[in-house]
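What Swiss-Prot says about this protein:
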BINDING   GLY30, LEU31, SER32, GLY33, ALA34, GLY35, ARG36, SER37  ATP binding site
BINDING   ASP81, VAL82, ARG83, SER84  GTP binding site
Amino acid sequence: MTGDVRRLPDGHAAPALNPLTGIKLVVLTGLSGAGRSTAAKCLEDLGWFVVDNLPPGLLDTMVDLGVRSGGAINKIAAVVDVRSRAFTSDLYGALGVLRNRGTALRIVFLEASDDELIRRFENVRRPHPLQGDGRLADGIARERELLRDVRGVADLVIDTTNLNVHELRGKIIAAFSDDNQPALRATVVSFGYKYGLPADADLVVDCRFLPNPHWVDELRPLTGRDDAVREYVLAQPGAQDFLDTYSKVLGTVVDGYLREGKRYLTLAVGCTGGKHRSVVIAEELAERLRRLATAESRIDVQVAHRDLGRE
């Protein structure tokens with residue numbers, strides 16, 4: 001088996017919004033251990049409202065929740081797995097109701113070879129949910145049989161046998177990414193070391209190698225948002241060299257993030273109090289990040305000044 005994606009003839013890259021409900025629904029199912037959790041997390045990163053282990057009979061309820069949200073929830077991904085012998089009939093019944101309502105829905109089925117599933121379960125030292133007192137292979141075989149008909153009606157089948165996590169994410173992104181959604185969301189946050197590092201930082205830049213405007217009387221009451229402080233900081237020896245050099249580092253990091261399917265980057269830029277130097281450098285690096293965007297890989301860059309105003 002290979003990492004192939006099979007589509008039914010009428011399959012599409014993503015379901016269209018239905019004019020009646022305004023809701024897109026993806027039913028994510030397949031064999032245990034085939035990567036449902038990874039696929040669900042990827043959909044969540046793409047902006048889908050993800051519900052795990054949802055009984056088929058509650059699919060209609062979830063769509064109603066989306067309708068009542070007034071547009072706050074318009075993309076729902078429901079992870080559905082085998083829990084009973086009635087699974088298939090319950091799922092078919094629920095899908096029939098949704099289709100009669102005109103809901104735009106799509107079924108995604110994940111699978112892998114028996115040998116690969118056995119290897120994955122043995123690696124995590126967990127039993128198969130349908131194994132009972134029998135062998136692991138028996139549980140896999142039983143689940144495969146229970147889901148055979150569901151696989152047959154799936155709009156998208158992904159064989160994850162030879163896929164790593166990043167490759168699976170890539171396939172999900174290719175199938176469900178909104179064309180208007182950026183490839184990477186980057187947040188550049190300035191901070192003061194005296195208040196501690198931002199807990200969610202992926203990269204940290206220390207600006208304390210630059211002279212501190214705090215010791216310049218006329219600049220002390222100002223912030224890095226003021227032109228006088230900005231000009232002072234950027235005129236210091238090493239400031240431009242640092243920005244040019246670190247911009248190249250960011251280019252390498254962004255390329256790697258995109259290759260690995262990572263969609264979020266937080267860059268923390270620090271100085272002593274988070275008032276002058278870090279604010280200037282954060283704004284400059286944010287602009288450099290924006291320049292890294294291409295037509296194929298749009299980057300959404302936000303700037304936050306965490307400790308500005310604390311002094």
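Placement of Cβ uses the backbone N, Cα and C atoms for every residue, glycine included.
Source: prediction; values computed, not measured.
Positions of the features from Swiss-Prot, shown on the structure.
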{"residue": "GLY30", "record": "ATP binding site", "contacts (Cβ under 8 Å, 6+ apart)": "ARG36, VAL108, PHE109, LEU110, GLU111, LEU147, ARG151, ILE158"}
{"residue": "LEU31", "record": "ATP binding site", "contacts (Cβ under 8 Å, 6+ apart)": "LEU110, GLU111, ALA112, LEU117, ILE140, GLU143, ARG144, LEU147"}
{"residue": "SER32", "record": "ATP binding site", "contacts (Cβ under 8 Å, 6+ apart)": "ASP81, VAL82, LEU117, HIS128, PRO129, LEU130, ILE140, GLU143"}
{"residue": "GLY33", "record": "ATP binding site", "contacts (Cβ under 8 Å, 6+ apart)": "ALA112, LEU117, ARG120, PHE121, HIS128"}
{"residue": "ALA34", "record": "ATP binding site", "contacts (Cβ under 8 Å, 6+ apart)": "LEU110, GLU111, ALA112, LEU117, THR160"}
{"residue": "GLY35", "record": "ATP binding site", "contacts (Cβ under 8 Å, 6+ apart)": "LEU110, ALA112, ILE158, THR160, LEU163, VAL165, LEU168"}
{"residue": "SER37", "record": "ATP binding site", "contacts (Cβ under 8 Å, 6+ apart)": "ASP52, VAL79"}
Fill in: Cβ-based isolation winner (fewest other Cβ atoms within 10 Å) among the binding-site residues ARG36, ASP81, VAL82
ASP81
Discussion item. According to DSSP, collapsed to three classes, what secondary structure does GLY33 (ATP binding site) have?
Written reply: coil
Practice prompt. Write out, in the order they occur in the sequence, the residues of the chain not among GLY30, LEU31, SER32, GLY33, ALA34, GLY35, ARG36, SER37 that have a C-beta within 8 Å of the mean position of the C-beta atoms of the recorded ATP site.
Written response: ASP81, LEU110, GLU111, ALA112, THR160
Item to complete: Determine, from DSSP, whether ASP81 (GTP binding site) sits in helix, strand or coil.
Response: coil
